[in-house]
Amino acid sequence: MARSLNEWLWQHEFWLPPGITWEDMQESEDVHYPQPRDLLLSIPFALILVVTRCAFERAIALPLSSKLGVRDKQRPKAQPNPMLETFYNTCCKNPEEGELISLAKQCDLPVRKVERWFRRRRNTDRPSLSKKFCEACWRFTFYFISFFTGLAVLYDKPWLWDHRECWTGYPQQPLQPSLFWYYLLELSFYWSLVFTLPFDVKRKDFKEQIVHHAATIFLISFSYCANYIRIGTLVMVIHDASDCFLEPTKIFNYMKWKKTCDSLFMIFTAVFLISRLVIFPYTVLYNTYYYSMEIFQPFFGYYFMNALLIILQLLHVFWSCLIIHMVYKFILQGTMEKDMRSDTEESDKDEEREKIREKEKNGIAYFSNVTSNSYIQRNGSEPLNNRTHLTNGHVKER
């Protein structure tokens, strides 16, 4: 059964244009074509990247964060409460008002204290600022290396400058070693992101990130097997261009360098919108949809490849809307307050209100003491604590 499934999966009608079979893709001593088994190397390489990331964050990024003044907030911890902890882990992390009232009755606590407990418990699970800084440092390091590796690999390739060259001789385009290692680097990195997804900083677009990682892995893998190597390299270098500016923007934001952060954010916005909404549709989408038709007739791989690219483009539009909204707020406020994708920490408003009330009470008491003393002084007498009684019944000022 496995053999039948394997034969069905690798039918040349799925992967190659009409009139081309796997026999036409036979390798020789001088000519090598992409082989699907090569992709298995990405799994051990991804594990190596995970280990490298852990070592990088501990040995370099974490000490760097302390030297640059990145400090974690002191978060008040929730008091141990087995009943609330069980509800938090099994039922809901953000209960409704009715659930809060029910839990308050069961625990014999005021509703406000139960609400505060859940707020503190949620804040405890949120990633620290140093963790965000370390993650951004690692991604910036990779994207920087990957982007300039892609430029070094592609600068002398004809399809970087003339997009019709992507289809010259397709699919019988030999695989060069530099392109193979570039592909392996990118695919291994996205596999490593999947492996560390449960432990990474979760943002508001977490579901979109999962779709993006899955579409990227499928796109890289399919483009390799179907020998869409030239298109694949263009996609990867275009994506890495804007990511090189996104991660340092986060880093300077965590460092509270507002002016540098705002400047990089505007540069990132320009690069992202131009690369994802202008260059990508023309260089990649129009290329795969229109230019390829000059060489061969549509087949399954043609439709599948374009479907994956359109999914990526829809994600580009989604993130572009978020970025444009951030730019709009930036123009109105004059500074970028936060990343809209970040899950911001909840402030303990009840405690803040209580502190304000205490301060107000202390201020009222102090004000009443001052005014009472002033009233006594205006009536020609002094407070008792400001006078000393003598044995002859007279008083003496201190």
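Using N, Cα and C of the backbone, Cβ positions are placed for all residues, glycine too.
According to TrEMBL:
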- 341-362: compositional bias 'Basic and acidic residues' (COMPBIAS)
- 368-391: compositional bias 'Polar residues' (COMPBIAS)
- 84-128: domain 'Homeobox' (DOMAIN)
- 131-332: domain 'TLC' (DOMAIN)
- 341-398: region 'Disordered' (REGION)
For the domain 'Homeobox' (84-128), how many residues does DSSP put in helix, in strand and in coil?
33 helix, 0 strand, 12 coil
Find the average pLDDT over the domain 'Homeobox' (84-128) in the predicted model and report it.
81
